[in-house]
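Undergrad: Pasting the relevant annotations from TrEMBL:
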| type | residues | note |
| --- | --- | --- |
| DOMAIN | 4-62 | domain 'Tudor' |
| REGION | 53-108 | region 'Disordered' |
| COMPBIAS | 76-95 | compositional bias 'Basic residues' |
| COMPBIAS | 99-108 | compositional bias 'Basic and acidic residues' |
| TRANSMEM | 209-228 | transmembrane segment |
| TRANSMEM | 248-271 | transmembrane segment |
| TRANSMEM | 292-311 | transmembrane segment |
| TRANSMEM | 323-342 | transmembrane segment |
| TRANSMEM | 453-473 | transmembrane segment |
| TRANSMEM | 479-498 | transmembrane segment |
| TRANSMEM | 518-540 | transmembrane segment |
| TRANSMEM | 560-579 | transmembrane segment |
């Protein structure tokens, strides 16, 4: 079955974005991955259109010929010409009467068409005044509208018919029936084509070999980092660290503690507290519901930890068995990944992740085969995204703080440890407070839930992100108050950029017509969405990544400069964000086409202004 309906060079009817009008266009190219056509209008304008916005000329001509053949004038005219000149006067009077009726009907149609055009003009003008997020000046918008109307009048046989269908003064029930019937006839082939081309064609992370390597490399990296931190001299000259006996890496007690932690967070997730919101529309059009109670779970967790401290539980026990705890978490994440892949084999195709449906076991296992795996209303991916790992990160930092005080006989934690705990606590609390914003991220909307996210959420985040605190326990560092103040200012700058950029993006995605965003300019796209070109997103293309990197540097500076190990997080974070930025660029180019190229010309820098 073909993967596309329209060939390059084919002349078709393309819908003008944001309107109901169709114009004659020529197909210039087609993107197999995004199913987006690039078309060229008669005036030279090139736009990227979805397949649903393109129709064949025959569908318009069929309606036109059908309408013409059924008009009273054509029928009476054909009958009058078929009769002999000597027909009775009564018949001639009937014919002339029908002709007058036809003229009246024709005038009525023209009046309805003119009224429809007037309604369209008023609608466009009111839309320009109330929805300023399209980013173009009012004068330009009015000129565009006038040009569309003039072109519409110059094509009465084809496009006026389309306008009359959309703004008819006849009964809406009849119009609805006609629309349903015509849409079924036109779009049924398209649905079949989309199903046939739903396989993931472009493989990331080095394809099958790359993902197989990462499945082994990521756990090994976590193990080596923790073993390096345990050494008296964690310099590169002592790499690799000596490996302990394999049997010493596994402790059933630590695995039980991890299970207890995981299911405690699951219990907090299921509590009927917090509001319930809808996520972004899926490819099928439906929206999933999510309960927003991550911050409440954090408060309840803090209460549990406080109770344990009150009853003299020795939480620093986790520090002494930290490597075994990480191994237990890795084993759990692997088991969860296997379960996720097995259950994904039974789900409907529309529930599969667009980036994890390649047909290759290793690749789909790593990237995630199912998009939103759920057990009833319990969303596994959404739960793991913020709860066990992110809240666990803060708890591990607290454990390291207590271990430092016990090992070094301190009455209060060291200043570097306080800075690291405070900065990362702010980051986690911010994420939980703005939990709803996670629903618009690529992790939720596009990536499946497989080994990559399961291991990342449950192992990489809590055990690698806490590396600075773990390092400071065995390698204390002293810093002055002025240096601490400078590091704090740096972290605040990074946090401000990160939070304000993300808030701007999330508000725009949720409600582009928000009056608070009226000052922002946007490049319209063929998908109906806009690209911000002012504010933080007009400064660099990924300002949130810039804020992330600045904060990551501030988290590492309290550890000093004796070893590079605490800065592994900064190096990793830069590599991660550059990779994510490349993924974002690729997907946005596929999705938005020429509009994305215009955006890149308007905003040339990706993450670092004037550098990259």
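Cβ coordinates come from backbone N, Cα and C, glycine included.
Bear in mind that TrEMBL entries carry predicted annotations, made automatically and left uncurated.
Since we're looking at a predicted model, the values are computed, not measured.
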Undergrad: With a cut-off of 8 Å between Cβ atoms, can you find at least three pairs linking the transmembrane segment (453-473) to the transmembrane segment (560-579)? Only pairs 6 or more residues apart in sequence count.
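TA: Contact confirmed: at least 3 Cβ pairs fall under 8 Å.
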Undergrad: With pairs fewer than 6 apart in sequence excluded, do the transmembrane segment (323-342) and the transmembrane segment (248-271) have three or more C-beta pairs that lie under 8 Å?
TA: yes
Undergrad: Using DSSP, tally how many residues of the domain 'Tudor' (4-62) sit in helix, strand and coil.
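TA: Across the domain 'Tudor' (4-62), the residues distribute as 9 helix, 28 strand, 22 coil.
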Undergrad: Quick one: average pLDDT across the domain 'Tudor' (4-62), no decimals.
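TA: Mean model confidence (pLDDT) across the domain 'Tudor' (4-62) is 80.
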